[in-house]
């Protein structure tokens with residue numbers, strides 16, 4: 001398969017998942033199953049992206065397997081589209097049919113079977129009444145004594161339910177199970193060892209496959225109250241009196257309280273009529289009649305619905321404030337807190353990887369819970385990590401839809417006098433006046449004092465930023481006075497420790513000036529410029545901005561020629577920036593690999609930890625792997641695996657896993673250098689990740705020795721587990 005065909009196939013797979021991700025919400029009756037399916041499919045994107053970016057050609061088996069997966073994704077897309085855009089009433093009623101169909105036949109059959117069989121049938125009569133999906137239910141789900149009878153009932157079912165179209169039912173839950181089975185078969189047919197994908201992506205895809213296997217044949221318990229209410233209205237004659245409470249519950253549960261909702265539902269049913277050739281079946285006619293009753297009820301109970309719908313259907317903040325006047329704007333599920341179901345203002349990540357609104361998860365933890373609310377997994381810690389990427393996406397979505405961007409609780413700046421005294425505020429104001437002076441001495445002294453004030457405490461950092469110091473300090477980054485320049489960049493470093501100041505520094509256009517100092521400033525200024533870039537790069541979107549600004553080559557230069565502190569600052573900044581895939585190639589092209597190899601072999605060995613951490617994260621990139629191989633790294637890596645610290649052994653093994661992926665020469669070289677013994681030791685007594693990497697290498701070595709050739713393809717994982725130090729004030 002040539003590169004163009006591989007690119008086209010991977011692009012198709014990525015586009016399909018992107019289209020699936022675009023479905024913002026699903027009807028209540030299928031919400032849980034369809035949301036879970038869409039979430040699992042989104043997790044496949046990293047695999048498709050790595051296939052697109054890899055240099056190696058795909059085997060014919062891999063091509064066929066991925067093409068089959070593309071077909072399964074097409075089926076899933078159409079299924080999910082209907083779950084997102086189809087008629088709410090149809091979806092619920094069709095699922096009721098599946099439950100009621102067998103119930104009707106069971107009741108009719110009780111008179112046709114013997115007393116013993118009849119009593120057995122009654123045992124599962126209750127299950128059917130609460131809505132068990134007959135067509136999705138396996139005979140094995142029934143008690144042993146009734147399986148034979150149930151088997152015959154399933155066989156006879158289509159012949160005894162003239163009023164219900166079985167094919168129609170199949171398009172809902174049966175179709176869902178068919179699609180998930182198709183996806184499971186396609187994923188099972190992929191040989192991951194033949195794909196050049198990283199370990200973390202492989203593990204993620206294997207997790208998705210395991211979830212599909214666990215979900216196979218599983219039937220969720222339906223909403224029995226909703227079904228009973230729906231069928232109560234559905235089966236009544238047009239002139240029969242309606243139960244007001246039942247209609248009120250239906251309006252609420254089906255989310256048909258506004259004109260926009262009712263109009264969309266009507267259009268969906270009309271499309272179904274069109275699909276039948278303009279001759280609607282009895283079931284669709286009844287659904288249309290049900291919708292008419294719902295609409296009449298809504299208009300009767302809310303005569304002003306036409307004027308109030310827009311207001312009632314708009315998203316609100318958690319305080320109840322209307323955010324926009326757009327009709328029926330649906331908040332994407334990923335932007336809602338799983339606990340409150342409201343638009344998140346301050347999303348944070350817990351140890352299981354799930355994201356919640358900070359205030360909600362804090363209340364959960366304060367109540368004494370030690371599990372993740374969504375997954376029920378045990379939390380390894382109560383640490384909450386801000387989800388900067390999601391917060392940025394929510395802000396972009398709000399701006400695109402004309403919605404006020406939600407303010408984070410406590411993120412507003414303190415009011416005047418709440419943190420600093422009037423005298424302190426007056427002093428800050430005077431210093432800012434000196435920053436704008438034409439006198440270089442005034443600028444230098446003011447920048448130095450602001451540097452010290454920002455170092456002192458968080459209140460000062462807030463007050464200085466509020467006073468408007470950041471743009472003035474940014475201007476001083478290009479001053480010819482080296483001491484003023486040093487004070488300015490260090491003041492920005494100290495201000496950036498306060499999280500909310502990071503955005504202000506970036507938006508003030510500070511990055512080019514910081515990079516200028518990194519290139520041209522004094523050694524101390526360069527060190528502090530590197531530390532500032534590290535502090536700013538904690539926010540994911542800033543990694544892209546900083547990488548695109550040309551910061552990586554001067555960071556590599558500082559890593560090579562700086563003082564001990566300068567090298568540490570450059571290393572932490574480079575590590576953080578290279579977490580973003582797009583920056584890895586920039587670092588390799590800036591010749592960071594030779595510098596790292598030199599640091600690894602220095603007699604004093606003061607930078608071994610940092611060098612190996614960066615190597616581990618770069619080795620997953622094709623250019624990084626090639627450069628590490630060219631730098632003759634194998635002897636050094638083998639030596640560290642045998643004699644290094646636990647963390648360094650782990651990182652060395654991770655680099656070697658990537659290096660030996662498909663390259664027999666490195667396998668042979670490592671074997672000749674005696675790596676087998678240290679690997680066995682690491683596999684038994686190393687860190688958890690070190691044991692995993694050692695096991696992968698041992699398996700690869702054994703295959704190589706046995707076959708004298710075909711070392712399997714494998715990958716490692718990025719070393720984001722190595723840990724990143726926090727920024728410090730200076």
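FYI, residue positions are counted from 1 along the chain as it appears here.
Keep in mind that glycine also has a Cβ here, set from the backbone N, Cα and C atoms.
Here TrEMBL gives region 'Disordered' for one range in the set 683-706, 707-730: that range is 707-730. Listed as Cβ neighbours of the repeat 'ARM' (468-510) (distance under 8 Å, sequence separation of 6 or more from its ends, same chain) are residues 386, 411, 413, 428, 431-432, 435-436, 440, 443-444, 447-448, 450-451, 454-455, 458, 461-462, 516-517, 521-522, 524-525, 528-529, 531-532, 535-536, 538-539, 542, 545, 727-730. Sorting each residue of the repeat 'ARM' (591-633) by its DSSP state yields 30 helix, 0 strand, 13 coil.
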